[in-house]
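As annotated by Swiss-Prot, compositional bias 'Polar residues' applies to 45-55. Look at Swiss-Prot and you will find CYS127, ASP605 tagged as active site, proton acceptor. Taken from Swiss-Prot, the feature compositional bias 'Basic and acidic residues' applies to 272-287. Taken from Swiss-Prot, the feature compositional bias 'Basic residues' applies to 294-304, 314-325. Positions annotated as phosphothreonine by Swiss-Prot, on the basis of a large-scale study or a structure entry: THR379. Per Swiss-Prot, the feature domain 'Protein kinase' maps to 440-754. Here Swiss-Prot flags 446-454, LYS467, 562-567, 605-610, 643-645 as ATP binding site.
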Amino acid sequence: MAQAHPRSGTRLFRTYAARGVRGSQRQPGGLAEQWFQPPNLKRAFSSSLSDSNESPAVASDDPDDPDFPGSLVGQRRRRPRGSGSRNQRTLTNTPRVQRLRPRPPQKCSTPCSRLRPPPFPNCSPGCLGSDHSVCIQSRDSNELGTSASLFSSPASPGAPDPLYADSAVPGSFHLPAASLSEPSVPCPQVAATGDRYTGRALRAEASFRSSLFSLVNSGATEENKFGTDGENVKESCCERRQQMGNRLTDPDLTSPGKRKAACKKVVSQGVDQRDYEESSACKDLRVPGEISRPKRTGPLRKRKQQEATGTPPRHYHQSKKKRKASVSLWNLNTSQRDSWTKTRASFGFHKKKIITSVIEVCSSVASSSSRSLLSECSTPPIKNRAHLTVSSRCSSVYLLSPLKTLHVTDQRPSYAEKVYGECNQEGPIPFSDCLSTEKLERCEKIGEGVFGEVFQIINDQAPVALKIIAIEGLDLVNGSHQKTFEEILPEIIISKELSLLSSEAYNRTEGFIGLNSVHCVQGLYPPLLLKAWDHYNTTKRSANDRPDFFQEDQLFIILEFEFGGVDLERMKTKLSSVATAKSILHQITASLAVAEASLHFEHRDLHWGNVLLKKTNLKELRYTLNGKTSTIPTHGLQVNIIDYTLSRLERDGIVVFCDISAEEDLFTGEGDYQFEIYRLMRKENKNCWGEYHPYNNVLWLHYLTDKILNKMKFKTKCQSAAMKQIRKNLQHFHRTVLSFSSATDLLCQHSLFR
């Protein structure tokens, strides 16, 4: 099942840099060149911001400067305002102007005061990083044809806005007090014409500026509300200025009575994009170590561009049904909330795994987000590993950490080569080489998620499950970005590691779903799979897009798992007795305990949709914990644990986890005890998701016990003394489970499992 501002990302992923840095970061060597060397700190800025009585005007020698050629700022002609008379004469001898002309773009000498909004991101050289404060704009940057000061909020008397106090001006400069509390007068001669005209002109400018500021904020309100910490802007500077220019030239905005309605329209358009942008917040924010991928056009913006150019939409998969269903997860009725699959699809919650070393866990989590973090130097393998686990095979976890040896740096395989290596392939193969027509004739779709589709086929006279994931493409899949080779590799290796616990000697369990094979294929979606998809959609109503839009060069990863059975949620009325429920709980606890001992494993999302049950003829199942083998009565059912999207795993000094510290939607859910477990996990690890806290497994065991006691109905009633005693034991387990520290502690110490 399925996440990165970044437009998510997530989905197995990692980065080293901190997120949420305001503005774009300058690279070394990209510093702005000084236009002049200020001889005096008081004269470092243009006279438009300084008091004309304290310092003389500064002349400019640049032909593009608005004060050129060498004339004093005080002699600039006055521009007529809307509230003034059209026939009123100016103080200069320039011809009368019939319309408002655009001002030239600002130059380096124009200060960037605290009253200005933050610079547009991703706009070089007009944007500033956190280490530069002087605003430098390109000559064609101001497409609106008016002063950039119009886009600052109206100055309020009193303290300036503290939000940009540190980045507005350099610390070595001092702004006059008047400039911080009063709007600057564009021309000294205007003030000399009299109080009546000055007041009229200032009121007109303030009114115009206030209207523009409200228009700008109307579009930014929704973005800041649903973005990560309200700090990341999701549009490039050019797109933002183009949108504002369209608003200013809109004839509907010429009438003051229509401005309010226009603002409401802009806000409503932002709400339409909210669900998609939640999963892609901070996508435009580049950080060191981030994957370089082509910028993809969002579905709403892509549709608008196609309408503007007259081209029909090619792949617009965000249907009206899906948009309505994803507006609010928590407004659904109780019956719709019962299925976590539906809720998970609305989240787009397929996050990218973070990969780091054990030593770097805490520092990495503090400085990373749910984006990609890939450790450039892994720690040495844990000494005395045999004391923890005796491995009978070679682990592939080392592939997640790039080699640092100098003489093999240029020979380091790419992530694509690593994935092909795990598939035992040299490159992608056709669908037909992996899935023959004979296999697909009896194909059936059995599940889905944001990641893709799950089908069941018959292979070697046994049912198997195929998890098909599209990778490396530009098309959105179910509203989310496709994974890359780097992002899919950890999922392959984690599934492989947990599957191979069934072949270990020192810590062994068969409780995790078995991975049979992995393939990377290329081509169109097979027609027989589309037929199975259509049947599923007819009978159960799929929440996914029909996978018929892929091109011939599309890549897919096919994970072939053993058939795990039916999830516990759908079996809530089909279990024979409470003794069967006890066996299920025992098997889950044993599997988690073995994974804790071998891999420092936390599942972190073990709801009853991720517990599969299938029939077995075995009377007992064996597991080995720290070299000691024990048995569990099956009562005819075998448990398989699935879905490691949020899981945490550690092997050979490498930690793989999913940082969900910024996923507020996950921690604000209501209507099921499951959502309380997420909040309890965050309380346990203090939102540091790279650390190992096996108590989180205990929390999920408490959740599953609650479901067994309160939500499940058994075919055989608890009438016999033996059944009544088992139920009492389960109730005692439910009351006492939270006092244990781990699944291993529970398995070894609790009376239910003795």
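Heads up, residue numbers simply count up from 1 along the chain you see.
Note: Cβ is positioned from N, Cα and C throughout, glycine not excepted.
Distribution of Swiss-Prot features across the structure.
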| residue | record | DSSP class |
| --- | --- | --- |
| ILE446 | ATP binding site | strand |
| VAL454 | ATP binding site | strand |
| GLY564 | ATP binding site | coil |
| ASP605 | ATP binding site | coil |
| THR645 | ATP binding site | coil |
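THR645 (ATP binding site) counts 27 other C-beta atoms within 10 Å of its own C-beta, drawing on all protein chains shown. Taking the Cβ of VAL454 (ATP binding site) as centre and 10 Å as the limit, one finds 19 other Cβ atoms among all the protein chains shown. Of all Cβ atoms in the shown protein chains, 26 besides its own fall within 10 Å of the Cβ of VAL450 (ATP binding site). Mean model confidence of the domain 'Protein kinase' (440-754) amounts to 95 (pLDDT, 0 to 100 scale). GLY609 (ATP binding site) has a Cβ environment of 22 other Cβ atoms inside 10 Å. Counting Cβ atoms from all protein chains shown, GLY564 (ATP binding site) has 22 others lying within 10 Å of its own Cβ. Cβ neighbour count for ILE446 (ATP binding site) (all protein chains, 10 Å cutoff from its Cβ): 17. The Cβ of ASP605 (ATP binding site) lies under 8 Å from the Cβ of ASP643, THR645, LEU646, SER647, each of these being in the same chain and 6 or more residues away along the sequence.
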